Structure formats: structure tokens, C-alpha cells
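Take a look at the structure below.
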Amino acid sequence: MNKGKIKQIIGSVLDIEFENGELPEIYNALEIEATVSGKREILIAEVQTHIGGKAIRAIALSSTDGLIRGQEVTNTGKPISVPVGDATLGRIFNVLGKTIDEGPAITVKETRPIHRPAPAFDELTSKTEVFETGIKVIDLLAPYIKGGKTGLFGGAGVGKTVLIQELINNIAKQHGGFSVFAGVGERTREGNDLWREMKESGVIDKTVLCYGQMNEPPGARLRVALSALTMAEHFRDSIGTDVLLFVDNIFRFSQAGSEVSALLGRMPSAVGYQPTLSTEMGALQERITSTKKGSITSVQAIYVPADDLTDPAPANAFAHLDATTVLSRAISDKGIYPAVDPLDSTSRVMNAQVLGEEHYTVAREVQRILQRYKDLQDIIAILGMDELSEDDKVLVARARKIEKFLSQPFHVAEVFTGAPGKYVKLADTVRSFKEVISGNYDHLPEQAFYMVGSIDDAIEKAKGYKG
């Protein structure tokens with residue numbers, strides 16, 4: 001095995017010299033034996049650049065504590081590889097494919113390198129089919145696509161992770177498919193909560209969790225999405241199933257790339273991001289696709305720094321998405337959850353050919369009513385409701401009911417709200433909103449529409465107010 005020596009350590013960046021001049025290839029994994037807290041551990045680093053002469057620069061994928069100059073480094077001759085297949089189900093892995101849930105050791109039958117080319121054009125499939133989530137506002141106004149990519153955009157604390165947890169819960173229970181969850185640079189507490197909730201709800205056996213949390217070095221946060229994607233690709237290609245890939249949070253992937261880029265001494269571009277931002281995002285997103293063997297449907301939470309959608313990181317992710325679910329702070333401030341913005345959220349399948357005439361007409365009418373209500377806000381604020389025409393008064397009352405009706409109790413939030421979660425089928429969603437916009441339930445109090453499932457639940461709730 002080819003061996004080198006550490007020449008310099010700056011944080012997570014290692015400069016390593018190979019005396020014989022046989023340099024490892026870019027992205028090869030290097031092994032370094034280190035003593036951490038009195039224990040011998042193998043540290044893995046990944047080759048990033050050849051810096052001239054016989055030296056390379058690598059980024060460590062775990063803490064560099066305990067490393068010293070002159071230490072021996074071994075070139076493994078291949079990129080980082082992670083275990084794939086049924087043995088991974090129900091377990092938590094780190095970026096290197098090691099289990100971190102303190103469970104029994106897994107029997108690895110097959111491993112795959114995390115750096116792989118995207119599928120060729122002739123392997124791709126392009127059929128369009130709506131993916132039912134059971135969440136009213138999404139299914140009605142910004143439907144997801146089977147085998148498509150969806151972005152959940154939102155600032156801090158508007159409910160991206162809760163929405164992802166509900167989607168995992170609904171999909172496991174209603175669709176029975178495999179899910180792969182990539183925790184990229186998010187809170188360890190949330191990762192722990194997700195694991196416990198999955199165990200309690202019984203969906204863990206159909207899920208693989210792959211975590212690179214906030215406290216880990218940038219190299220681990222940058223590569224953990226690729227580790228999770230490699231596991232998802234195996235389910236798609238070898239087993240031929242429809243897989244769900246959840247990434248929380250894709251912004252942290254770009255952020256980690258920015259940190260690595262700065263550590264490697266590259267010139268920053270706009271807003272301090274790495275010059276290779278769109279290349280890195282493209283390399284990841286092009287692999288998340290559907291082939292003739294199976295599909296990967298991906299839902300990616302995208303943190304929006306300072307609620308600015310024009311920031312280069314979220315703006316770069318936009319280009320790859322089929323549907324966008326925008327979470328709004330103004331809506332969450334009203335206490336409406338999920339805080340999905342019905343006017344800002346979009347979907348590429350929002351047309352009558354895919355959705356059917358009835359669904360499309362109802363969705364557009366709901367958006368028209370909400371848009372008109374938004375336009376009238378200034379008049380209402382300055383002059384009051386009395387200055388509106390009779391038609392507008394009816395429309396505003398209906399819009400307020402629709403706004404409340406777009407809220408929904410979640411299964412994963414039962415412990416916080418005490419309200420049992422509701423899964424609403426697409427047909428029930430369309431039927432319910434059709435009846436609301438046609439004025440059949442204008443006589444019901446608007447509070448009856450808050451945090452319910454279908455229109456039948458709202459009618460039942462209204463009986464309690466009358467009593």
C-alpha cells in the first residue's frame with residue numbers, strides 16, 4: 001500500500017507528502033491511525049487537490065484531534081465506500097457508512113463508492129405521475145411528482161423538519177416504500193427525535209438514516225448526502241423499487257462546501273460561497289433521478305438565509321426542482337400549520353392534462369380567491385370591511401375559511417398539539433375545497449375549518465360551536 005507523511009495540519013485540512021511520487025487520485029480515501037482520548041482510531045481523509053511536487057491536500061472527515069506532523073498516512077486506492085442493501089434498513093450511519101446507533105454489527109454483503117456518475121440519458125424515464133402526500137395544501141396547490149424533486153423552502157423555525165417527518169410517516173404507512181434520510185448539518189436533537197419517533201411508529205424498518213450533524217467537520221457534512229444517495233441508488237437499481245430520499249438540509253450541503261472551499265484556499269464568489277457551488281449542486285442533483293429500473297422521489301428541506309430567496313444557495317437549488325413548497329413566516333405567525341404559502345408554492349404538474357379538469361379548476365379558483373383577499377388587505381386595514389362591496393365581503397369570508405382549512409393536524413405533532421393527525425386522500429381534498437369555494441358552507445364559523453381533515457370533519461366540528 002502506498003504510504004505518505006503528514007506535513008501540515010490546519011483545522012480539517014491536511015497536507016500530505018508521498019516520497020515515492022505515487023500520488024493518490026482525487027477523491028481517494030486516506031487512512032490515518034491516531035490516538036484520541038487514549039484510544040487508537042482510524043481517521044479517514046479525502047484527497048481534494050494535488051498541490052505540486054509530491055504533495056496532496058486532503059480534507060478530514062472527522063476530528064483531527066490527536067494528529068501530529070510526520071504521522072504515517074495510507075492510501076486506500078479507492079473512494080469512500082458505504083454498505084448498501086437490506087442490511088442497512090432500520091439503522092443509522094455516519095458519512096463513512098459506520099453504524100452510530102449502538103446496535104449490533106451489520107453483515108455487509110456489498111459496498112459502493114459514494115462518488116459515481118449520474119445515470120446515462122438512455123436509462124432515464126420521463127413519465128409524469130402525481131404523488132399523493134395526504135397533506136391538503138400540497139396535494140391541492142403544489143402537487144409532488146413521483147420520481148421528481150421537491151424543495152421545502154423556509155427560514156429558521158417555520159416547520160421544515162416537522163413537514164419532512166410527516167411526509168416520512170405518511171409515505172411509510174400509506175405507500176410502504178423504502179425511505180432514505182440524509183441529515184446534513186442539522187441539529188443532533190432533531191436526528192435523535194426522528195429516530196425515536198420512527199421506532200415508536202414502526203416505520204424504522206423501511207428506512208435508512210444517514211447523519212452528518214452540525215457539530216461534525218465540514219468534510220463530513222459535505223459528503224453525507226452522497227453517502228445517503230448511494231444507499232438510495234442501490235434500492236432503485238438493484239431491487240427496482242421506488243425510493244424516497246429526504247435531505248435535511250440541502251443548504252447545509254452548500255454551506256459545508258463553502259467551508260471546505262475556504263479551507264482549501266479557493267477564491268470565494270458571490271456572498272462568500274465557493275466558486276464551484278453550481279457544479280457541486282449539479283453533481284448531487286443529477287444522480288437523484290428516475291431510471292427505467294425504479295424511481296427516486298426526493299424531498300429536500302432548503303433553509304433560506306434571512307428569508308432571502310435570492311441568496312445563491314437556495315437560488316441554485318431552485319433550478320433542479322419540479323415542485324417548490326414555500327413555508328411562510330407570515331402564515332406560521334397566524335398559527336396556521338403547515339405554514340405553506342399557497343400563492344408562492346409551485347409545481348410543474350399544475351395543469352389539467354396531468355391533474356384532471358376538476359382538480360385543476362378547483363386549485364386555480366382557491367388561488368384566485370386567496371390572491372383577491374391578499375389584494376384587498378390594504379383596503380381592509382385602512383377603511384375596514386364595511387367599505388367593501390357585497391361580493392368582496394363574501395369572498396373575504398370565504399378566503400378566511402380557505403386559509404384556515406389549509407391547516408392540518410400532523411401525526412408527528414400529536415405529542416405537542418394533542419390533536420390526532422389526519423391523512424386526507426387527494427379525492428377528498430378536491431371534493432372538500434370544491435364545496436367550500438362553491439359557497440355550500442358559508443354558514444359555518446371559520447373556526448370550524450381550523451386544524452381539521454376533510455370537509456366532513458369541519459361539519460362535525462361546527463356542531464360543537466352551535467351547541
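Glycine is no exception: its Cβ is also placed from the backbone N, Cα and C atoms.
Bear in mind that the values here come from a model prediction, so they are computed numbers and not experimental data.
Database features (Swiss-Prot):
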BINDING   Gly154, Gly155, Ala156, Gly157, Val158, Gly159, Lys160, Thr161  ATP binding site
Neighbour count (Cβ, 10 Å) for Val158 (ATP binding site): 27
Thr161 (ATP binding site) in three-state DSSP notation: helix
Other CB atoms, at most 10 A from the CB of Ala156 (ATP binding site): 11
Residue among the binding-site residues Gly154, Gly159 whose Cβ has the most other Cβ atoms within 10 Å: Gly154
Which of Gly155, Gly157, the listed binding-site residues, has fewest other Cβ atoms within 10 Å: Gly157
Three-state secondary structure, which DSSP defines for Gly154 (ATP binding site): strand
Least buried by Cβ count (within 10 Å) of the binding-site residues Lys160, Thr161: Thr161
Neighbours of Gly154, Gly155, Ala156, Gly157, Val158, Gly159, Lys160, Thr161 excl. site residues, C-beta within 8 Å of centre, ATP: Tyr303, Leu327, Ser332, Ala339
